[in-house]
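A.B. asks: First, the structure itself, so that you have it in front of you.
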Amino acid sequence: MEAPLLHLALVGTPNSGKTSLFNALTGSRQKVANYPGVTVERKEGFFVTPLGRQVSVVDLPGTYSLRGRSPDEEITRDFVLGKASGEIVPDLVLCVADSTNLRLTIRLLLELKRTGRPMILVLNMFDIASRRGITVDVERLAKELGVPVVTSIAVRKGGTADLLALTDEISAKLASEPQENSWRALSVSELRATQREADRIIADCVSLPARPDTWTARIDAVVLHPVGGLIVLALILFVMFQAVFAWAQPAMDLLKSGFDALGELVKATLPDGLLQSFLQDGVISGVGSVIVFLPQIILIFLFILLLEDFGYMARAAFLMDRIMGGAGLHGRAFIPLLSSFACAIPGIMATRVIDNKRDRLTTILIAPLMTCSARIPVYTLIISAFIPAKDVWGFINLQGLVMFGLYTTGIVSALAVSFVIKFFMIRDYAPAPFMLELPDYKMPRLKSIAIGIYTRAKMFLQRAGTTIFSMMVLIWFLASFPQPPAGSTEPAIDFSLAAMIGKALEPLLAPVGFNWQIAVALIPGMAAREVAVAALGTVYAIEGGKEAAEQIGQVLATKWSLATALSMLAWYIFAPQCASTLAVIRRETGSWGWMAVTFTYMLVLAYAASLVTYNVAVALGAG
Amino acid sequence: MTDHDDTRPHMPLGLALRGYTGVIQHLSTKDTGSALSDIELESRLIELGFVEGARVEVLHEGLVGRDPIAVRVDSITIAVRRREAMAIIVA
Ligand SMILES: Nc1nc2c(ncn2[C@@H]2O[C@H](COP(=O)(O)OP(=O)(O)O)[C@@H](O)[C@H]2O)c(=O)[nH]1
Ligand SMILES: [Mg+2]
């Protein structure tokens, strides 16, 4: 008879290696993508034990106790207690510990024991502990705790072999009758008592040479220096943006010529007409112009994942806490906000680590102002068409500098908005405490970075294949129908639905310098920002013929004034051009109201910023 | 070194400067001005390892108002704001 699926849950303090262990056990057999910053999604994976038992394992958010102080920690508590709706009570809880730092985990484990769930203590990062001369009497520890104990090295091949063997051994004799759950929230004196008990057990079973990680101390001396640390942080961000703009170029050129060649092939094979126009202008140049940005998106995620894995993110939060506090933000908001540079959606979901409701709400409201990767296509297109690619001061690329300026404007505006919220909307504001563990630095692992980038790239391509593709078909349709009457001399697009819509909107957008083509492109851009680029491409391609499609940047340079281009950049810093972000805001705040607030304030800011930019630019002679 | 004897004056960790080392004597969460309730603050401090007898060292300070501080608590490093650290009495 086939044994039923065995359900495991990974519980432990933050940074104990739960996600690494999860990856090691399940490989790529995972159901939900992990977002940078924190484990915010419920991630389930599957594997088979050496004895052939089918296992499902869930990676739970890190926690120091079962009290559930934040939405994240509540997930963990409810899951372990079997109170989470629609979830199966785990058959076996793997309590994951960082072996170099057992105090807090052993306390957590003593608390977990009260739930009556069968449990294994996994002494992870045993390689680091051994290197530092920490020795653990595993047998004695298991006896004192009354829980099986096993060592593991999540990031080494075969490092989980003992854990797998033990899982087999235990699952064979798991009692099927329900155990007694005597857990309730611990009082302060019970907490103290459990910590004492934990410390006593550690003193009995673990020998700790007083040798802290010298590397971490040395790096922190620079990285956490009050002034030097901020300079390092600024440098890291600056390098990140220069890299995204400059290093990605060769790969992007390659992708672009690939799509161009494909378009040419279609043109050469198919007869002139609607089908050819649909495939070449609608599908290939449309979807292609978005996929071209894959290298940049991979690069920005690479940086964020590297910093995360290295252990730098918590340091950045430390450095920024008071500075962001001045703007009414919590230091912990730094990680969600930094993630928002990749995409506001994981960023907004990552705000779940902020336990104070107001701090969380403020962070959610401003996260979309961080320059997400979907803006990159728009920025890149306009910058490369209008800003000369020369060097200033000999080594800084002017285009990169403008890009940096756009990012900075986004950040500064976010801080300003948060400041306004603090003063006008949320008056009785008391700063929530900032308490965060600064983990030892770790060498980033190729495998976990690769898994991380892979899942993001897949998400991006799926979007290109679905949302963006359908928007492109719609745009192509609007721009192609109705067809011009036979014998007309004006461009075909002038007769189309797109032109009608665009021209109807033009009076509204004329004050900010947008023509009707831009108005047309902005509408599908509501679904996903990067679609605007493709939409502009399609509109101008159908208007100007095939050559235009291949050189959309050059076309823009001849059709737009510099003032219009700058106005468009300003618009894109603020405009709420992303339906998915708005949907996530609704879900995470549980309110349509906050979604409407976000949409309105961003739209107002966008219009105002474009209005000012356009008029100032025109006054300076760039009209 | 005998610098942790009873003769050292008790003080809140929130006032300690970079380089300070000491031992936690007790927690006193009254009137710290933290946004958390006394009990909640005390629970969280304990959960992060701030318990009586733990050795602490102030490793780093932030730029603005020397806040927050990074504190070594036995074998881990925790970042806290000075306001909350006022509840930790050291000597
Ligand atoms: N050397 C070593 N590093 C590990 C081990 N397990 C995890 N790490 C590293 O520890 C860091 C935190 O791990 P992660 O899985 O993100 O922790 P989580 O917060 O519990 O999910 C990452 O940089 C991992 O590469 C291990 O067994 N040995
Ligand atoms: Mg994790």
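Using N, Cα and C of the backbone, Cβ positions are placed for all residues, glycine too.
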A.B. asks: I'm validating the feature mapping. Which of A:100-128, A:361-389 is tagged transmembrane segment in TrEMBL?
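C.D. replies: Transmembrane segment, as annotated by TrEMBL, spans A:361-389.
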A.B. asks: Taking contact to mean three or more C-beta pairs under 8 angstroms, with sequence separation of 6 or more, is the transmembrane segment (A:401-425) in contact with the transmembrane segment (A:460-479)?
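C.D. replies: As far as Cβ distances go (cut-off 8 Å, pairs 6 or more apart), the transmembrane segment (A:401-425) and the transmembrane segment (A:460-479) do not touch.
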A.B. asks: To the transmembrane segment (A:283-307), which of A:460-479, A:554-574, A:594-620 is linked by the most Cβ pairs under 8 Å?
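C.D. replies: Comparing A:460-479, A:554-574, A:594-620: A:460-479 has the most Cβ pairs near the transmembrane segment (A:283-307).
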A.B. asks: What parts of the chain pack near the transmembrane segment (A:594-620), using Cβ distances under 8 Å and only residues at least 6 beyond its ends?
C.D. replies: 361, 364-365, 368-369, 413, 417, 511-514, 562-564, 566-576, 582-583, 585-586
A.B. asks: Cβ under 8 Å to the transmembrane segment (A:460-479), counting only same-chain residues 6 or more beyond its ends: which ones?
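C.D. replies: Same-chain contacts beyond the ends: 277-278, 281-283, 286-287, 290-291, 294, 297, 493, 496-499, 501, 520-521, 524, 527-528, 530-531, 534-535, 538-539, 542.
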